[in-house]
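Participant: Below are the structure tokens for one structure; questions will follow.
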């Protein structure tokens, strides 16, 4: 390649500002906001966007995937069981059978979030990183969107007013913290919402309770993944992720069913 590269500083800045403005104008009014881009959130985003639902995923960190990247104690593998393996296969993720375990598979802890994130994006979901949801929009006893702030501004402790995104439905997929539900409970004590938090580890119990605990816990607000178990005092599971993928898929299906009515 012999051609000279064009790199005008002002043109770069203008390009970023124009694209960013157009992007924000497109996402300030959506069908679904997903808070947290972990395994359940990305899965929900994929299945919602595939059906043409306008979906935006907000993640406070600069990367998506939640705790998947670290595998188990830093070892670069996670475990997934049947039938959740089909969700990963749909995203083109390679799975290895576990000797002596007919129902279990291992997957690369870097490949999984990378390909699942791409699958959500390719389906039409928008993932925004570095954005924290600091509050919810509550109108007439229904969640109507989220209040957002730059995570960098929050970390710096600066007093700067936030912006908002309007949504028909909000999903809390923030993991163990269940931060969106905690915020709703803390700021609106008259609603009587309590978040007991998750119990200690019991992998089988925790996995099987995830889909059961995935539900609409307040008009317009759903919980999935570990946020669902935190809200319902379910057990934690460790580095087995099948329940979280199934929870995200179920959450998407519940919202799709409601939107069809």
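Each residue, glycine too, has its Cβ placed from N, Cα and C.
In case it's useful when we look at the structure, here is the feature table from Swiss-Prot:
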| type | residues | note |
| --- | --- | --- |
| BINDING | 40, 59, 60, 67, 133, 159, 160, 161, 179, 226 | NAD(+) binding site |
| BINDING | 161, 176 | Fe cation binding site |
| BINDING | 236 | glycine binding site |
Participant: Hey, which of the binding-site residues 40, 179 is the loneliest by Cβ count within 10 Å?
Facilitator: 179
Participant: Sequence gap of 6 or more, Cβ distance under 8 Å: name the residues on the same chain that satisfy this around residue 60 (NAD(+) binding site), in order along the sequence.
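Facilitator: For residue 60 (NAD(+) binding site), the qualifying residues are 129, 130, 131, 132, 151.
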Participant: Which is it, of 133, 160: the one of these binding-site residues whose Cβ has the most other Cβ atoms within 10 Å?
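Facilitator: Its Cβ has the most other Cβ atoms within 10 Å: 133.
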Participant: Are there residues of the same chain, six or more positions away from residue 236 (glycine binding site), whose CB falls under 8 angstroms from its CB, and which are they?
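Facilitator: For residue 236 (glycine binding site), the qualifying residues are 176, 198, 199, 200, 201, 202, 206, 226, 229.
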Participant: Ranking the binding-site residues 161, 176 by other Cβ atoms within 10 Å, which is at the bottom?
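Facilitator: So among 161, 176, the binding-site residues given, the one with the fewest Cβ atoms within 10 Å is 161.
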